[in-house]
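K.L.:
Following this message is one structure expressed as structure tokens.
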Amino acid sequence: MPTMDLGKLTRLALFLPLILSFHFKISESSAHIYPSQPFHDVGNSLLLYGGSEGIFASSRSFIRFENITLWRTNDLQRKGRNGLVQAVIFEASDRNSIGGSAYGGQRSICCTPDLAKLQGCKQGEIIRIPSARDPNWPILLRARFKGKTLSAKMEDTEIRIKKTGMYNLLFISCDSKLKGLKMTGKTVWKNPEGYLPGRMAPLMKFYVYMSFAYLLLSALWFFQYLRFRKDILQLQHCITVVIVLGLLEMVFWYLDYANFNNTGKRPLALTTWVVTIGAFRKTVSRILILCVSMGFGVVKSTLGGLTSKVLLVGVTYFVASEMLDIAENVGIIDDVSGRAKLFLVLPDAFLDAFLILWIFTSLSRTLEQLQVYFKATDPFNERWQTGWTITAFWDVIAFVLLCIICYLWTPSQNSQRYAYSGEVDEENEEVQSLTGGNHDGDISLVKLEKDSGSDTEEDIEEDKRE
């Protein structure tokens, strides 16, 4: 493995999560908190997005409204006008039950004079068509401004979920004169087994199984590691680090999810450090695979002039991965990701592709086609119950690859009996990688006595790739 400045890397790992954590508050369950959030103009309505989550049907599943208060401007208060604000909860399959269109025109959320004549809706309110499965759905809740009151409070209530699905909450006012409207309060979304959102709930059990898998791998690896500790290679030390980091990551993810599920809260410090361990593990794993692929530990004792470049890519990937994971796991949890996260996904995805795309070419193309297919055929996340498998898939792949590397590099009494053929000094290596000079040679691994004359054709091909 290339020589690292562990001091700098450690300081980065310690301070980056601390710096990022100042921008987030503790996430309360599937609680969606509205700290004086403004409404926005959408078509002929004022709208505030309240949240979206997958919920499993049960007598214990609910969406609860707590202290939802609407605030209008002082000017509107002085005018003393009445005004209506509505909350609508609907399952994704009932999305067409909200709104309507007159004469095949643009779809409207609020009832207009034309729609009132055509559909019999009440002008100035949300258009609601009763669901075929349950006439009480979608659910509508109301809050009214009366006289010169500055605020209007929505009744605290608890909506029971009787059908498994992706549920959405919108706060809407069809009164355009209520511009400047804001809202405070929160809603709590609960699944049968706890406060974890539906997409995240299966991951808690998954992390238990992965913890046991890593524990078993650790036992097998450390048995061999201690047995042949005098013949350990530097590469095998690096594999040990990856195994330890993987075990810690799985255990702490389970603890984080279990705490989240039981209490409805995610302590900022715990979640941030779990994310940091995960980002560091992913970085070390990718750098390890990259180094092995370059021939480190197989045909080379060092990476020569490429060491600094590999380290630079590794540190950059760690920062990008850390920022993305912080954005996804610290803060309010929604099953529908915000568009703003795209700006964090892009650099992380680019670096990931740069590091491992050549290893996973066929697999990456297949996954990309599947992801495009799901996005094209499921824009409303109606397949949310299987969405967790995408997260789980990469953890399984990383674990399987680590098992393969462990099998190939199991510590043994022969670890130190091999040297690296094709040893060239750093200067010549750089020249060869640029010029692709021709050499002839034999196998990549030879015994400790130095074979002073030859490189293999594989060496040359590796140099060309570098």
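Quick reminder: no glycine exception, Cβ is built from N, Cα and C everywhere.
Automated prediction, rather than curation, is the source of TrEMBL annotations.
So TrEMBL lists the following for this protein:
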- 202-371: domain 'GOST seven transmembrane' (DOMAIN)
- 429-466: region 'Disordered' (REGION)
- 1-21: signal peptide (SIGNAL)
- 206-226: transmembrane segment (TRANSMEM)
- 238-255: transmembrane segment (TRANSMEM)
- 349-367: transmembrane segment (TRANSMEM)
- 387-409: transmembrane segment (TRANSMEM)
K.L.:
How about long-range neighbours of the transmembrane segment (206-226): same chain, 6 or more residues beyond its ends, C-beta under 8 Å?
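P.N.:
Counting only partners 6 or more residues beyond its ends, the transmembrane segment (206-226) has Cβ contacts under 8 Å with 232, 236, 239-240, 243-244, 246-247, 250-251, 253-254, 257, 388, 392, 395-396, 399, 402-403, 406, 410-412.
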K.L.:
Residues of the same chain, at least six outside the transmembrane segment (387-409), with any C-beta under 8 angstroms of its C-beta?
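P.N.:
For the transmembrane segment (387-409), the far contacts come to 54, 199-203, 206, 210, 213-214, 217, 220-221, 233, 235-236, 239, 242-243, 246, 250, 282, 285, 288-289, 292, 297, 335, 367, 371, 381.
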K.L.:
Please report, as numbers and ranges, the same-chain residues at least 6 past the borders of the transmembrane segment (238-255) whose CB is under 8 Å from any CB of it.
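P.N.:
The answer is 1, 203-204, 207-208, 210-211, 214-215, 217-218, 221-222, 225, 270, 273-274, 277-278, 280-281, 284-285, 288, 291, 395, 398-399, 402, 405-406, 409.
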